[in-house]
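Features as listed in Swiss-Prot:
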- 35, 38, 39, 101: heme c binding site (BINDING)
- 23-123: domain 'Cytochrome c' (DOMAIN)
- 1-21: signal peptide (SIGNAL)
């Protein structure tokens, strides 16, 4: 029984890791268009309604300069890795209750994987 549980956990980890690896940054750029209402990326990106998303993968939540984050985000203790971004993009208010983000989330797991893959390519200021 214990071996079955370990195998199931291992399979889940492999599956979730492969879901992130399967993200397509080109498709993610298309999905990200709905995020551009509030967020910018690229060398000339500036904070607006939401913070700049350059270099977001691997960064500490609520720490980007030039944006007034909610106390909930600043105190969340999160680091934006693929797993955390996936959960947050699915349902922001469930992951960080009190976040200022009004977006209800991306329900499609492939869309989330694609956006995360796109964000991983966004470097700059």
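If you go along the chain as it appears here, the first residue is 1 and each next one adds 1.
Just so you know, glycine gets a Cβ as well, placed from its N, Cα and C.
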When pLDDT is averaged across the domain 'Cytochrome c' (23-123), the result is 97
The most crowded of the binding-site residues 38, 101, judged by neighbouring Cβ atoms within 10 Å of its own Cβ, is 101
Residues near residue 35 (heme c binding site) by Cβ (under 8 Å) yet at least 6 apart in sequence within the same chain, in sequence order, are 50, 53, 103, 115
In chain order, residues whose C-beta lies under 8 angstroms from the C-beta of residue 39 (heme c binding site), counting only those at least six residues away in the same chain, are 32, 48, 49, 50, 51, 52, 53
Pairwise CA distances across 35, 38, 39, 101 (listed as binding heme c) top out, in Å, at 11
For heme c, residues beyond 35, 38, 39, 101 with C-beta within 8 angstroms of the site's Cβ centre include exactly 36, 37, 49, 50, 53, 103
Counted with DSSP (H/G/I as helix, E/B as strand, rest coil), the domain 'Cytochrome c' (23-123) has 37 helix, 2 strand, 62 coil
